[in-house]
Amino acid sequence: MKKEVSARSVAAEVLTRVERDHAFASAALDAEIARSPQLGPRDRALATELAYGSLRVRRWLEGRLGRHATRPIEKLDPRVRVQLVLAAFQLFFLERVPKFAAVSEAVSAVRTSKGPEVAAFANAILRKLAREAEAEAAGLDLEAVAVESAPPWLFETLSRSLGPAGARAYLRSALMPPPNGICVHNASARDHWLNRLRDAAPQAEFEAGTISPHAIRARSAGRLHTLPGYAEGAWTLQEEGSQLVALALGARPGDAVLDACAGRGNKTAILAGAVGPTGAVDAADLHPAKLVRLRTELTRLGLTPRATYAVDWSVGAGEVAGTYDRILVDAPCSGTGTLGRRPDLYIRRAPDDLARLTALQVAILSRTVDRLKPGGRLVYVVCSVLREEGEEVVERLLAARPEMEPTPFEGEPAARLATEVQAGDTKLRLLPHKHGTDGYFLASLVKRAATC
Ligand SMILES: C[S@@+](CC[C@H](N)C(=O)[O-])C[C@H]1O[C@@H](n2cnc3c(N)ncnc32)[C@H](O)[C@@H]1O
């Protein structure tokens, strides 16, 4: 019998894959949606809301389900647990799905996969939860929900970095889907594209970003790449904080720049635009496949990197032989600044990841410093808000490489923000609840010119 596909069944498959295989939610969702061409735009949006929404509050939902279960929730078959979590999410957070429908859809999915006995167990729990949701949903303390949704080790680690109130505010902000970012290449054309996008998708919300002069924030806009301007290369999809990161390097016309952990080139395009035809941008990354994507994307935008290098900075500089005026090190990290966008991190991250990642960050930084000209600048960035991957990594680098010293940012938006938000202007932490961007830590460093 062919399985019926619905927004709910797609979300259930995504949650199962994230839980069971530690899959990336975005990749799992893209794959499931691609396998379900019969879903229209509304159902695709609902599947996304169900999958991401449940992941954002999964621990809290499991806690509530656990109060009524006769056996531990974590011991249940993952497919049953996922059905219960999805129904609980609908009961507490999705007003537009009637409560009886949420319960009966979950119970019927459990009956199909596990039989009537387990279905009766699911039914008993969900009926009790439906009564609680009826009484409580409107008055939930969302900050408490957010804190209980994070694993305790993560809340403690965030509290050490942001203070307990900061950690609570950050987690509360991560309950909301963040906007999608658009980067208009020619910043002076931003208003033009804002108007064009509003005309093309009146149901969506577009607003100018406040941190990056290139940024437009988009909500409820569906598939952005189908809108005017994308195919012509007038804009790309790039989160606003990520734009600021590239601008923070302060690359000038004529500079030789290395994008040391360039990935698919999200930031390389801004760097290539800044150095212009008289400068050069080289891009490096561990994964050659990402560099192929980078070349394709830059070509689409009418830009070209001078060279791309597949390099593992943890072992050496590979074929990167030259030296550079400016280097951007957008290092691999815990991603804890992106919890709103990647709630699967609540499942995929573990406390011991930090020691491994910080050792890697220090190793990458140390090797890239060798490729910096004396007097040259390096911006270190992680999409993490944790001190361990931020201030502490910089301290470790400065201890190992005394020729490096902190220096104020040169990129105008980052320099302005740094002096506004903290006393020292050589480091900057972007926070979703303060800046409306993903969370990042940035540090600006210079290599002392040799003295005789
Ligand atoms: C945070 S991502 C940055 C990606 C890119 N700059 C962007 O804006 O999307 C970190 C990148 O570092 C790369 N990476 C991880 N370990 C590395 C290593 N040992 N040497 C070089 N690159 C590495 C990853 O492949 C990934 O693309």
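The backbone N, Cα and C atoms fix where each Cβ goes, glycine too.
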*D285, D330 bind S-adenosyl-L-methionine according to TrEMBL; which of D312, D352 goes with them?*
D312
*asked:* Fewest other C-beta atoms within 10 angstroms of its own C-beta: which of the binding-site residues D285, D312, D330 fits that?
replied: D312
*What is the total of other Cβ atoms whose distance to the Cβ of C383 (active site, nucleophile) is within 10 Å?*
26
*Using an 8 Å cut-off from the Cβ centroid of D285, D312, D330, can you name the remaining same-chain residues around the S-adenosyl-L-methionine site, in sequence order?*
A260, C261, A262, G263, A284, L286, H287, V311, W313, P332, I364
*What is the separation, in Å, between the Cα atoms of D285 (S-adenosyl-L-methionine binding site) and C383 (active site, nucleophile)?*
17
*What Cα-Cα separation, expressed in whole Å, is found between C383 (active site, nucleophile) and D312 (S-adenosyl-L-methionine binding site)?*
20
